[in-house]
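If you check Swiss-Prot, you get these features:
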- 1-158: domain 'Obg' (DOMAIN)
- 159-325: domain 'OBG-type G' (DOMAIN)
- 165-172, 190-194, 211-214, 278-281, 306-308: GTP binding site (BINDING)
- 172, 192: Mg(2+) binding site (BINDING)
């Protein structure tokens, strides 16, 4: 499935139905009086967040969205039926912008609803204008038009852990080993062309990991493909920095990513970081320990070792869970098998 994280769409809420101007006509009743009913309201267009959706792909094929109009009122004081609302499911983390780029709302919670376009109010029938001095009003009102607008949707993935690093560092392999994510894995740069999500369940606790496409120097300026996905890192609680230990200069590799994060958004460089030296099976133990010590002295952080041959799931997933509890104030996602 294609990953779409931006879309521009046209919304047209339903128009309100017109009020009715009519008079009661029955045998032997000479002056039946006004009995025109009200028009129905136009349908709204509502966005609704769901964890079952993780892309804006729907809007590639549906760029014009219209809600039903309200029906007009009729005689015998019958009100017209309201138009049906259009409810559109979007991923958690979807932001709505107007055409000028101003943020309208940020849908960052599960089952959150937002009326993006309000339907028009129904018109008033002449029965409502009857007074003691005006016993036979003919006046009625037309229904109001529904809102009509263009909006821009932008998706920022919400995940517990964002996996970052240079191209071909082994990020996708790490995600696949810790979760059931079916990401493409190959021995060449830019294998990952779009973010991938994986879910790890540890002691009935759910952790969402996001594999972000590889960053290169100048990514914040548009170099490579990482710049369009840097925004997805903003909502990660923890950054998992994967470094290829076979590189000659691992300090340069580390600082390259740190600079790109800082250039894009200074707050990204302040996030809790977890560093992993990957592909350790390609070097002997002495070389690994030397590079681990060099990186540890430079970053003043604990460095963890990983390889494709080692079972990383029990150790690293448990460690990620501990860091998540320690450094975030958010409640962990509790897996509920009945919440489908």
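The backbone N, Cα and C atoms fix where each Cβ goes, and this holds for glycine too.
Listed in sequence order, the binding-site residues near residue 172 (Mg(2+) binding site) (C-alpha within 10 Å of its C-alpha) are 213, out of 213, 279, 306. In this structure, residue 168 (GTP binding site) belongs to neither helix nor strand by DSSP; it is coil. In terms of local Cβ density within 10 Å, 171 ranks first among the binding-site residues 171, 279. For the binding-site residues shown (168, 172, 306), fewest C-beta neighbours within 10 angstroms: 168. Over the domain 'Obg' (1-158), the average per-residue pLDDT in this prediction is 91. Under the three-state DSSP scheme, residue 213 (GTP binding site) falls in the coil class.
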